[in-house]
Amino acid sequence: EKRRTELEKEQEKIRLKKVKKKEDKQKWDDRHWSEKDHDEMTERDWRIFREDYNITIKGGKIPNPIRSWKEASFHHDIMEIITKVGYKSPTPIQRQAIPIGLQNRDIIGVAETGSGKTLAFLIPLLTWIQSLPKSERMEDIDQGPY
């Protein structure tokens with residue numbers, strides 16, 4: 001220690017600060033996906049998320065799954081129905097199928113009975129209906145499925 005010059009000591013301090021900063025950044029980046037905000041998620045996080053929920057996908061430009069009902073930001077009426085029915089969190093098929101359905105894309109979803117496939121199909125439909133102007137919905141209320 002005595003052999004080092006003041007300049008060398010200062011350079012070592014700077015180097016150690018950089019190393020510490022790099023380690024802290026690595027720890028921050030390596031957090032589990034559940035500890036991150038939606039916009040902080042990386043492709044690696046989404047891959048791990050899908051593995052955690054046993055979600056397998058094939059195809060191109062597939063949207064990321066929904067992590068929670070809250071993050072899905074559906075219309076208030078739809079969220080009210082989801083809460084009323086008693087769904088606490090989306091099932092794996094719902095997590096992945098709903099974002100695909102919201103893009104009006106075709107999907108083949110395979111999941112066991114009672115896993116929420118019907119709701120995964122209905123939410124994009126209800127979202128679309130909810131997006132129609134209220135006057136248009138009221139005019140056609142007796143003429144269509146909505």
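The backbone N, Cα and C atoms fix where each Cβ goes, glycine too.
Secondary structure counts, DSSP: the region 'Disordered' (18-37) has 15 helix, 0 strand, 5 coil. Annotated region 'Disordered' per TrEMBL: 18-37, in sequence order.
Annotated compositional bias 'Basic and acidic residues' per TrEMBL: 21-37, in sequence order. If one looks beyond the compositional bias 'Basic and acidic residues' (21-37) by at least 6 residues along the same chain, the residues whose Cβ comes under 8 Å of a Cβ in the stretch are 45-46, 48-49, 52, 67.
What TrEMBL lists as domain 'DEAD-box RNA helicase Q' is 67-95. Sequence-distant neighbours of the domain 'DEAD-box RNA helicase Q' (67-95) (same chain, 6+ residues past either end, Cβ-Cβ under 8 Å): 33-34, 38, 49, 53-55, 109, 111, 115-117, 119-120, 123, 126-127, 130-131.
Sequence annotations record features per position, and here TrEMBL assigns motif 'Q motif' to 67-95.
Each residue of the domain 'DEAD-box RNA helicase Q' (67-95) gets a DSSP state, and the totals for helix, strand and coil are 18 helix, 0 strand, 11 coil.
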